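Annotated features, as they stand in Swiss-Prot:
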DOMAIN    27-320  domain 'Protein kinase'
BINDING   I33, G34, E35, G36, T37, Y38, G39, E40, V41, K56  ATP binding site
MOD_RES   T37  phosphothreonine
MOD_RES   Y38  phosphotyrosine
ACT_SITE  D160  active site, proton acceptor
MOD_RES   T193  phosphothreonine
Amino acid sequence: MDGEEAPPGALNLADYAPAGARTVDCFRRIRKIGEGTYGEVFEAMDIITGERAALKKIKLDDGKEGFPRQILREIKLLKKLDHENIIRLKEIVVSPGTAHGAGGSDDYMYRGDIYMVFEYMDHDLKKVLHHSTPSQVKYYMEQLLKGLHYCHVNNVLHRDIKGANLLISGGGKLLKLADFGLARPFTRDGSFTNHVITLWYRPPELLLGATNYAEAVDIWSVGCIFAEFLLRKPLFPGRTEQEQLSKIFELCGFPNEENWPGVSKLPLYKTIRPTTPTKRRLRDIFHNFDSHAVDLIDRMLILNPTERISAHDALCAAYFITKM
């Protein structure tokens, strides 16, 4: 990805799975619970402690392409982040016989499989997203924003907030932000890929080609999740990027230099055409819901990213202060 690669030598797997690391034989696999770009995820049990865990298997291509840089970045970020609403990476384990290459620190010389060991969570938010009570919605949204605020104050963008990446445990009482595969550290003057965030939760600035962006991209995704909680269906279920923009503009209005200074300079702005109606009418579809909840959604889904509410300010909003 343009502007996304870590400099050579900046990340070494040996820093996280040193020689002598435990092997996956220390776990008993129970069942497969998922599959991603780089491998499978299993529910497992630590045969020593009896604790359940989630094993994310990272398949290496016989050393031909080395250890995926995206996974190395995810490991590094998760080792840095420590918050009750962020999934905890407990350790890295290896397949039996896995060995370092010459020198013992070159991640490109690893052989076999590497496993990321996470704390086990019962299920993801998708299972409750369309049938949660108002009090549950508030509880989940508060935890999501707390985890996200912690990421942002530590200069980390998640860049893939969606129901499948929000995990629930503790009898439905604990939410944790997970899957940091697209996450990355950020600076205000950085340039990043805009091919991130699942389409339904992707903000307009990325759809218009922006490469200089910050925390507001995650806030848009949170706003989409919040709206989906209330409506019990996705807010912007586009099938293509163009259709996604059209659905956003239908509810949030058409962007121009008046409501979003600088928008006309974005690479894909000239390719879009005004939709009808162009007036913002987002609040109209939430007229039967709690006014404080609607106010917060409205502030999360502002077209101009510089005007979107921050995670910190969202946590201070009237929605979280008022009793149900």
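Backbone N, Cα and C define each Cβ position, glycine as well.
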Looking at the recorded positions E35, D160, the one with the fewest other Cβ atoms inside 10 Å is E35
Distance [Cα-Cα, Å, rounded] between D160 (active site, proton acceptor) and E35 (ATP binding site): 16
Taking all residues of the domain 'Protein kinase' (27-320) together, what is their mean pLDDT? 91
Under 8 Å by Cβ from Y38 (phosphotyrosine), same chain, sequence gap 6 or more: I58, K59, P68, Q70, I71, G181
What Cα-Cα separation, expressed in whole Å, is found between I33 (ATP binding site) and T193 (phosphothreonine)? 30
In DSSP terms, helix, strand or coil for the residue listed as 'phosphotyrosine'? coil
Separation of alpha carbons, T193 (phosphothreonine) and E35 (ATP binding site) (Å): 24
Using a 10 Å radius on the Cβ of I33 (ATP binding site), the other Cβ atoms enclosed count 16
